[in-house]
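Asks: Annotation comment: TrEMBL describes Thr46, Ser47, Thr206 as FAD binding site. Look at TrEMBL and you will find 3-354 tagged as domain 'FAD dependent oxidoreductase'. The feature signal peptide is assigned by TrEMBL to 1-17.
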Amino acid sequence: MTKIVVVGAGVIGLTTALELLKDPTNQVTIVAKQFPTDFEHSSVYTSPIAGANWLSFADDDDTFTQNIDKVGYKKYRELIKNAPEAGVTPRTDITYVTKEKFEAIYKGVKTLPWYCKGEFSKVVGFRELDPSEYNTSKIAYAYQINGLVVRTSYYMTYLINEMWKLSRGFETPSSRFSLRRGSVTKISDAYSLHHLGTADLVINCTGLLSRELEDIEIEEKRRIYPVRGIVFVAENTTGMKCNSFVDIFDPKYPDEKLYFMPRREGELIMGGVFQENEESKVVDPTFIVRMITRCKKYLSQYNWDDLKIVRTQVGYRPFREGGYRIERVGKVIHCYGVGAAGFQSSWGCAERVVGLVNQYKSKSKL
Ligand SMILES: Cc1cc2nc3c(=O)[nH]c(=O)nc-3n(C[C@H](O)[C@H](O)[C@H](O)COP(=O)(O)OP(=O)(O)OC[C@H]3O[C@@H](n4cnc5c(N)ncnc54)[C@H](O)[C@@H]3O)c2cc1C
């Protein structure tokens, strides 16, 4: 048996632990400062704050991230079909490209992401919208895919339940799996935290807080940085049923975005911002005013009057210069730096970590 400690209970740590437990020769302990069932989350625990949907951010030539995101797309569609209790809801995902963005940034050239081109466009059900389907005075073009929305804390609790299910059939239910609340100052502290003795391997899934671990090299720490996001959670009285991303361009507020995800439970997730190295928790009160003005301008088909905002959430996307770190160094496998894509990339990242674990096991005859 191989004893593995996964440090971190965000979407990356939990998905990785679940995938590791599918191999009956692995025994997994998750150690984390915070779990999805905690009533209050700190902003540096990013996963509960996300929307979350699948709209891959990979560039056309970034097949590494594309392949990771393809795994996630297929997995979420499977969950929609076979596990309604997972908290993943199908949603048509529409992208509206504004005339300002089309002219100023795309220079009048219709620009589509990688998943709307080639073979994968059939998998995601890509379709260009007819101009009769949007406001042609403001929108240059629009397209849709068969998307989804994840109810984040609920979904992560589902992942934990799946792990308990997998640990059945062994001597005691907890013999292959355990959860421990704890904080490590060095990743190497985690070896002694396995519930059955010293761990053979440690997986580092600490997200943004990797930059605080004492045994991460200084150069590496410098590469990890936050990108602040703000999400308003409103009662969905707008009539919106599709995820909607409006590709805006406002030179006065270049880090402001406009996207929506209607959740099954009646909440509307409204985002947001993309503010590099911004760590404040303070939300500018004029931001929501600008957002509603943009809603009325670009998405006038919905009702934006008397919208009731029930919660404001601030989170920090765990970015890393150079992209995801999925790498084994000795007996530690790092998996962090997934930025704005932790949910969509989680299954593909976990698959890669399992590959590294298996390589290590066969090399060291574990
Ligand atoms: C506003 C917003 C919207 C987003 N929308 C989307 C979206 O639509 N789709 C999408 O795919 N992604 C989205 N994201 C990005 C996504 O949320 C992140 O990429 C993802 O949550 C990162 O997950 P993680 O597991 O790496 O980190 P985290 O969720 O931050 O988890 C880190 C874990 O490590 C633990 N930990 C940290 N340090 C230690 C330590 N020293 N000792 C013990 N435990 C430790 C923490 O307690 C926590 O359990 C969004 C993010 C934001 C902020």
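Keep in mind that glycine also has a Cβ here, set from the backbone N, Cα and C atoms.
Remember, it's a predicted structure, so these values are computed and weren't measured experimentally.
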Asks: Report the member of Thr46, Ser47, Thr206 (the binding-site residues) whose C-beta atom has the most other C-beta atoms within 10 angstroms.
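Replies: Result for the most crowded candidate: Thr206.
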Asks: Would you mind giving the whole-number mean pLDDT across the domain 'FAD dependent oxidoreductase' (3-354)?
Replies: 95
Asks: Hey, what's the widest CA-to-CA gap across Thr46, Ser47, Thr206, the FAD contacts in the record, in Å?
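Replies: The span, Cα to Cα at its widest, is 11 Å.
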Asks: Determine which residues of this chain, when Thr46, Ser47, Thr206 are set aside, have a Cβ within 8 Å of the centroid of the FAD site's Cβ atoms, and list them as they appear in the sequence.
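Replies: Output for this site, in sequence order: Gly8, Gly10, Val11, Ile12, Gly13, Val44, Tyr45, Cys205, Gly207, Leu208, Leu209, Pro318, Gly342.
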